[in-house]
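K.L.:
Grabbed the feature section from Swiss-Prot, which reads as follows:
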type     : residues    : note
DISULFID : CYS57-CYS78 : disulfide bond
DISULFID : CYS64-CYS83 : disulfide bond
DISULFID : CYS68-CYS85 : disulfide bond
DOMAIN   : 54-91       : domain 'BetaSPN-type CS-alpha/beta'
SIGNAL   : 1-20        : signal peptide
Amino acid sequence: MQRNLVVLLLLGMVALSSCGLREKHFQKLVKYAVPESTLRTILQTAVHKLGKTQFGCPAYQGYCDDHCQDIKKEEGFCHGMKCKCGIPMGF
């Protein structure tokens, strides 16, 4: 049952993240949806790690630029799986 809940929550988070919701929204969802336990701690850690990794970066060309314009009003660059604001790639 808990495994099904975890999978359902993660799929829901992936679906909602495509709508532009940020990590803090998912943390709040986990806080209210999952009772306080080891499972909640694991889910919060997973949400934080996934929130730090921007999977859209290599797949969607303008993701980093949109992300950095939203946060810092700078040009964004994709560095592997993570966006860097105002730091161009140095090859």
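Any Cβ shown, glycine's included, is placed from N, Cα and C.
Each of the listed features needs to be described in terms of its position in the shown structure.
P.N.:
CYS57 (disulfide bond) carries a helical DSSP state (H, G or I). All protein chains included, CYS57 (disulfide bond) registers 20 other Cβ atoms within 10 Å of its own Cβ.
Using a 10 Å radius centred on the Cβ of CYS83 (disulfide bond) and all shown protein chains, the other Cβ atoms total 21.
The Cβ of CYS68 (disulfide bond) lies under 8 Å from the Cβ of GLU74, GLU75, GLY76, CYS83, CYS85, GLY86, each on the same chain and at least six residues away in sequence. According to DSSP, CYS68 (disulfide bond) sits within a helical segment.
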